[in-house]
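Trainee: The transmembrane segment annotation in TrEMBL covers 12-33, 45-64, 76-94, 100-123, 135-152, 164-184, 215-236, 248-266, 278-300, 306-327, 339-357, 363-385. For 209-399, the entry in TrEMBL reads domain 'Major facilitator superfamily (MFS) profile'.
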Amino acid sequence: MSQQTKLLTIDFICICLLIFLAYCNITVFYNLYLYLQEIDIPANWRGFLIGCSSLSTIAFFLFASPYLTVKNAIPCALAGALIMIGCGISYLYAHGVASLLLVRLANGAAVYLLSAGCMTLMVSRIAPEHSGQAFSLYSIALLLPYSLVPSVCDVVTPHLPSVAYTYRDMSLLLVPGLAMIAVISRRQRRARHGDASQPAMSLGEMYRNALTPRIGLVLLLNGIYIITFASLFFMAQGLFRSRGFHSVGSYFTIQMFCMIIIRLLGNRLFDKVHKVRLIIFSFLVSSASFALMAVSYSLVGLYASSLLMGIGMGVISPALYGLMFTISSPRFKAVNSNLMMLSLQIGNFLGPVYGAWVMQRVGYADLFLCNAGCCLVGIGLCFLLTSHRIDATRNIANA
């Protein structure tokens, strides 16, 4: 594999744009719970239909990741983009549980093919000294849709015949992404990127690597954070309506701009400040954000919560992904980065299921108090990760 000392190459920019478009086609479903309610899908199916796309993605990550290489990453990404476009169009015709289940499962497979392909290509091209900056910019592309898409859709959707047309139109934005894949493919053939010298990796090797304490704990930390944010993302609109506010888009817009400012202004710090300290800080700020959201009944309080969430999200993703890249051996850097994507998908699956289950039993306020508690658990796991038992050489603490 060829790692480039320059960060902002055409390949890297195209990969970030592709992952941005892919996650636009995930976050567009922020209102899927309410849409399923509108088309009379039974309540006991709604949470599962939201999360089953991630369940499909999880299955692919679990069983296909060792076989995804730099050589086949581009065909995988191309297939993922095409399937995702087809799924977006299918929402116009899928109105029953069975048809929606098939579309959501296919969409999940597409998410794996496109996102894992992009991650594999990126990891093969970044130098270790740029890992924090690379994952900072990459995670902006990945998380930006969570904040941008709801605001745009809140404005556009009322002018369309139904929400399903929003899902279709968003998928068509991937058409320019096909050209980006062609550009990466052409440049890869010219530069002769490849991993032919790498011996094949088995599923057993991947699982044993994932179960080592240091790798497993980083995956768990990522999963906890994504579960809490995914539950917020899919339940926020219901919370706002329950407190007399119609639109949730401004909440995510504030969070987005705060996150971007943190990433851009502090970009170089992600390779200088100890990453575990950044993760602890992020969990602490996010816990405060969830607690404030639980008790706020005014827009001022809710938007202050959004500001804190933007700070937390602005720091944690590049810190977590950079830490995983740094502590992984060269043979496992790509697969561990994709395992981070797996933990993200597990969080995206469990988040709405957990959020809907807790909300139906104790309400929105207690749901977000539970999220605050989960963030405090994450802080405890950070101290375990840097304990002498797991980090005897202090490689993790000093990363």
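Each residue, glycine too, has its Cβ placed from N, Cα and C.
The structure displayed is predicted, hence computed values, not measured ones.
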Trainee: Note the mean pLDDT of the domain 'Major facilitator superfamily (MFS) profile' (209-399), expressed as a whole number.
Mentor: 88
Trainee: Verify whether three or more Cβ pairs under 8 angstroms connect the transmembrane segment (164-184) with the transmembrane segment (76-94), leaving out any pair fewer than 6 apart in sequence.
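Mentor: With 3 or more qualifying Cβ pairs, these stretches touch.
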Trainee: Do the transmembrane segment (135-152) and the transmembrane segment (12-33) share at least 3 Cβ pairs closer than 8 Å, excluding pairs fewer than 6 residues apart in sequence?
Mentor: yes
Trainee: Does the transmembrane segment (164-184) reach the transmembrane segment (45-64), going by 3 or more CB pairs under 8 Å (6 or more apart in sequence)?
Mentor: no
Trainee: Restricting to the same chain and to residues at least six past its boundaries, which positions have a Cβ under 8 Å from a Cβ of the transmembrane segment (45-64)?
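Mentor: Result: 26, 29, 32-33, 36-37, 97, 100-101, 104-109, 111-113, 115-116, 203, 234, 338-339, 341-342, 345-346, 348-353, 356-357.
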